[in-house]
Amino acid sequence: MSTKPTIAFTHLGCEKNRIDTEHIIGLLVQAGYEVDANEELADYVVVNTCSFIQAAREESVKTLVELAEANKKIVIAGCMAQHFPEELLAELPEAIALVGTGDYHKIVDVMQRVEKGDRVKEVTAEPTYIADETTPRYRTTSEGVAYVRIAEGCDYRCAFCIIPHLRGKARSRTIESIVVEAQKLADQGVKEIILISQITTNYGIDIYGQPKLADLLEALGKVDIPWIRMHYAYPTGLTPKVITAIQDTPNILPYLDLPLQHSHPEILRAMNRPWQGQVNDDIIKRIKTAMPNAVLRTSFIVGFPGETEEHHSHLVEFVKRHEFDHVGVFTFSPEEGTPAYNLPNQLPQEVMDARRQEIMEVQQSISWQQNQKLVGQLVDVLIEQENPQTGELIGRSPRFSPEVDGLIYVKGEARLGCIVPVMITDADIYDLYGCLISSAA
């Protein structure tokens, strides 16, 4: 019987944080620690926090306070530990350790020191670490899906973004390392991997001297995983070579997540993305011409300091004109330590909320129309869940990425983690409904 303490985990934030959590769990399990989903039964709770914007920090703080009030011993990991180490130690006596974004591979040593009674701060000022295929990992996603981090950190300095401070400079894994990990996941039965980094299209610059995303996609084309999806493709990095690699590699989904942030050149200049304003329309046109079946997701920030009604109207028309498949809209969050924090002409929250709502309503109409086109079509669906009450299956098609896009509700019988043909019979703004064509899956 194990004499090691039991540890529970709470994960907050993005899928990059999720991968960090999975490595933390993997390392602790390898070292003999017990992991329990029940925080009440655990000796320690590791909270992997998010600090990207104010709302994320508030969620992280709420979670930490609730655990502190329950007298839990807390290990704070992730972006808040990186961002506010001294404040957290001062204000939360229950925090017995802090682990920064570049230090989670030291978690076993941290826990051993904690067990001896130490209060530990393991936070490297500028993170440089990136896990690879040799780092233990315990996946927390559904059995058919896995995220694969191809790079970490960011060298861009967008005026609104705190990520370079939280995650460090850009650093990539080798193509060989990523392919080995993908093959391991294929051997485990994974059907979809999602490639992530801060800027996926900049992959490889630091180790190869030039972007190597196209070469990576071609190499991953030899791995037996049916769906490979990319997130965070910076628009100017979608070169003809990358687009050709997507076209020519059958298991690379024509799904592009483009964090455009805005459409108006003046706002993009203020955001320190000056080159983007002149190319947004051209890049989208090039993608749609080369890949008429491409699924486009993007995200925008409304209410950036100085954004006028004219700037906002430009963005609304941009959304109408391009008819994106999926859109996320965020109100500007002033982040201390970023250039945008002290910019003049900050907008009231109610103005930002109204602008966000307007774009969301425009996009909802577009999304509804896009989904209606799929009624009567046969699509491949990766089955991920089963509703225990109704027996209804829940999954996604290539046009839906996990967490951020819609779902497909399926009538029929199939194994979890397999891809099956589904006839779409109905659709709403975000989700699709259908019937399994064959129950032989």
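Here the Cβ of each residue, glycine as well, is placed from N, Cα and C on the backbone.
Annotated features, as they stand in Swiss-Prot:
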| type | residues | note |
| --- | --- | --- |
| DOMAIN | 5-116 | domain 'MTTase N-terminal' |
| BINDING | Cys14, Cys50, Cys79 | [4Fe-4S] cluster 1 binding site |
| DOMAIN | 140-370 | domain 'Radical SAM core' |
| BINDING | Cys154, Cys158, Cys161 | [4Fe-4S] cluster 2 binding site |
| DOMAIN | 372-438 | domain 'TRAM' |
> Of all the binding-site residues given, Cys14, Cys50, Cys79, Cys154, Cys161, which residue's CB has the most CB neighbours within 10 A?
Replying inline: Cys79
> Of the binding-site residues Cys154, Cys158, Cys161, which sits closest to Cys50 ([4Fe-4S] cluster 1 binding site) by Cα distance?
Replying inline: Cys161
>> I'd like to know the mean pLDDT over the domain 'MTTase N-terminal' (5-116).
In response: 89
>> Quick check: in three-state DSSP terms, what is Cys79 ([4Fe-4S] cluster 1 binding site)?
In response: helix
> Between Cys79 ([4Fe-4S] cluster 1 binding site) and Cys158 ([4Fe-4S] cluster 2 binding site), what is the CA-CA distance rounded to a whole number of Å?
Replying inline: 18
> Within 10 angstroms of the C-beta of Cys158 ([4Fe-4S] cluster 2 binding site), what count of other C-beta atoms is obtained when all protein chains are considered?
Replying inline: 19
>> DSSP-wise, what's the residue breakdown of the domain 'TRAM' (372-438) into helix, strand and coil?
In response: 1 helix, 31 strand, 35 coil
